[in-house]
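As recorded in Swiss-Prot:
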type	residues	note
DOMAIN	400-519	domain 'RCK N-terminal'
TRANSMEM	4-24	transmembrane segment
TRANSMEM	29-49	transmembrane segment
TRANSMEM	55-75	transmembrane segment
TRANSMEM	87-107	transmembrane segment
TRANSMEM	115-135	transmembrane segment
TRANSMEM	152-172	transmembrane segment
TRANSMEM	177-197	transmembrane segment
TRANSMEM	207-227	transmembrane segment
TRANSMEM	230-250	transmembrane segment
TRANSMEM	291-311	transmembrane segment
TRANSMEM	324-344	transmembrane segment
TRANSMEM	356-376	transmembrane segment
Amino acid sequence: MEGSDFLLAGVLFLFAAVAAVPLASRLGIGAVLGYLLAGIAIGPWGLGFISDVDEILHFSELGVVFLMFIIGLELNPSKLWQLRRSIFGVGAAQVLLSAALLAGLLMLTHFSWQAAVVGGIGLAMSSTAMALQLMREKGMNRSESGQLGFSVLLFQDLAVIPALALVPLLAGSADEHFDWMKIGMKVLAFVGMLIGGRYLLRPVFRFIAASGVREVFTAATLLLVLGSALFMDALGLSMALGTFIAGVLLAESEYRHELETAIDPFKGLLLGLFFISVGMSLNLGVLYTHLLWVVISVVVLVAVKILVLYLLARLYGVRSSERMQFAGVLSQGGEFAFVLFSTASSQRLFQGDQMALLLVTVTLSMMTTPLLMKLVDKWLSRQFNGPEEEDEKPWVNDDKPQVIVVGFGRFGQVIGRLLMANKMRITVLERDISAVNLMRKYGYKVYYGDATQVDLLRSAGAEAAESIVITCNEPEDTMKLVEICQQHFPHLHILARARGRVEAHELLQAGVTQFSRETFSSALELGRKTLVTLGMHPHQAQRAQLHFRRLDMRMLRELIPMHADTVQISRAREARRELEEIFQREMQQERRQLDGWDEFE
């Protein structure tokens, strides 16, 4: 692709994302499906703006690579060891059972047994990018089903190695392409990467961090991610697996959070590019000429994988309420199928349109997953949001709550317990199934679902409630919920959790004045205790705390118009200096007033 063409493609991708994703979110079909539809629109079978899909699809795999690096950072080696049973037990069983069933079905449709085996293995894999994205959107990350889903995806990445090695054997060209010496060298190189990463990465990042230049740290992070991806690609292994291992090696380092911050913007954009590329690769010509075959194939693929995953989840002991989430989120074909089927095609394992039909099936199955997860959400909502069971003893029998609490993590639980202790009627909205199960056992009135859905808020009693307390983890969810409440339930008093100063500014701009910055109050309290240990009078330390809180809040309000304007940063610094001067002046006055206090104690 020429340089100018590459730039044009970049502009088209950005335009497609900016136009399609907000529209998809407004229609309630999710960002992932929006990216896929945008790819269809600008691809060779849509408006035809971009024709070189294969090159862009390979480049867009970097989105999955960055995502796996961040996931690796969140898992330390001891946690990975704890997951070994689910990785090599459930993960291996899912791949083998799904591949066997799907290969058998392909043989019934005139595939040779060699092509059927490759097709079955490729179709058994799930989309790492899509599954992890949906798990995050649905709040499954910390649930049992989310942990099990991640284990299955990790085993699938490990299975890439033997699957690719199997292709030349099935094609009957093992002598020509299957070099055991070369494989041994690759294994040694892989082990060398593990050992080198274990002992070299932290000293290298310590040296880079000592420079104090943030841009260099970001560049080093990108070098690590891209370098490990290219190294694994050169070995013929999964790029995503390489960056995942790099992330795990740095999971216990002091640079973990800084690495996440440096990578996050690139991950989001490249993941969007990946989904757009998948949409572009959909061959509408094959879909048109083999419509019935493709539709049946997609239905059978999704049904077989759901059946296998559901049964494995049941055998593993996953709660019944979480099994459908686990099965649904992994029910699609994956990006690895594109690589495996291309390799098999180069070995002439497929005949006629077989490869094109398989790729169309995989692509369409990926498009069904967001819709399938919405159906699962509706089913779970009916199951959990219906009338209370007789054996449950809720604290409150009144159907009209005074307060709705959105999110029941550590922050929300403290608020909920305080309100319950004072006999307030509350209803909790939570999208983590495991949390819903636990809270209901303790008698909380909990609704499962996405609180940004107006119907759920209405059924939870928002029209009769007096206040809503928003404790969402994601700032985007908080602001969306504020907008919905102001539009549909204007009578509600909105109280919100702000994760930081930027979110506090956004809440103030939206008209929300009752909010709490999650670390501010506790930091101030610890600061007050520190002043006392340094010899300051307790009353004086208390006054210092109150002054600081009041003046900081005043500065927060004064800087609302410029919080997002980088040109105004200098003004923020001036305001901070002013705050310090006012603080020192008032504290000097306090000291004069307190000079004689100690002698009376």
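Each Cβ is built from the backbone N, Cα and C atoms, and glycine gets one as well.
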Helix, strand and coil totals (DSSP H, G, I; E, B; other) for the domain 'RCK N-terminal' (400-519): 50 helix, 26 strand, 44 coil
Non-local residues, at least 6 beyond the ends, that sit with Cβ under 8 Å of the transmembrane segment (115-135): 30-32, 63-64, 67-68, 71, 94-95, 98-104, 106-107, 141, 146, 149-150, 152-153, 156-157, 159, 163, 166-167, 170, 240, 271, 274-275, 301, 305, 329-337, 340-341, 344, 349-351, 354, 358, 361-362, 366, 369-370, 373
CB contact flag for the transmembrane segment (356-376) and the transmembrane segment (152-172), at least three pairs under 8 A: no
Folded-back contacts onto the transmembrane segment (4-24), same chain, C-beta under 8 angstroms, at least six residues removed: 30-31, 33-35, 37-39, 41-42, 49-50, 52, 56, 272-273, 276
Cβ contacts under 8 Å made by the transmembrane segment (324-344) with residues that lie 6+ beyond its boundaries: 57, 61, 64, 94, 115, 118-119, 121-123, 125-131, 134-135, 138, 140, 143, 145, 148-149, 152-153, 156, 160, 163-164, 167, 170-171, 238, 274, 278, 281, 301-302, 305-307, 309-310, 313, 318, 350, 355, 358-359, 361-363, 365-366, 368-369, 372-373, 375-376, 379-380, 433
Contact ranking winner - 29-49, 152-172, 207-227, 291-311 against the transmembrane segment (87-107), Cβ under 8 Å: 152-172
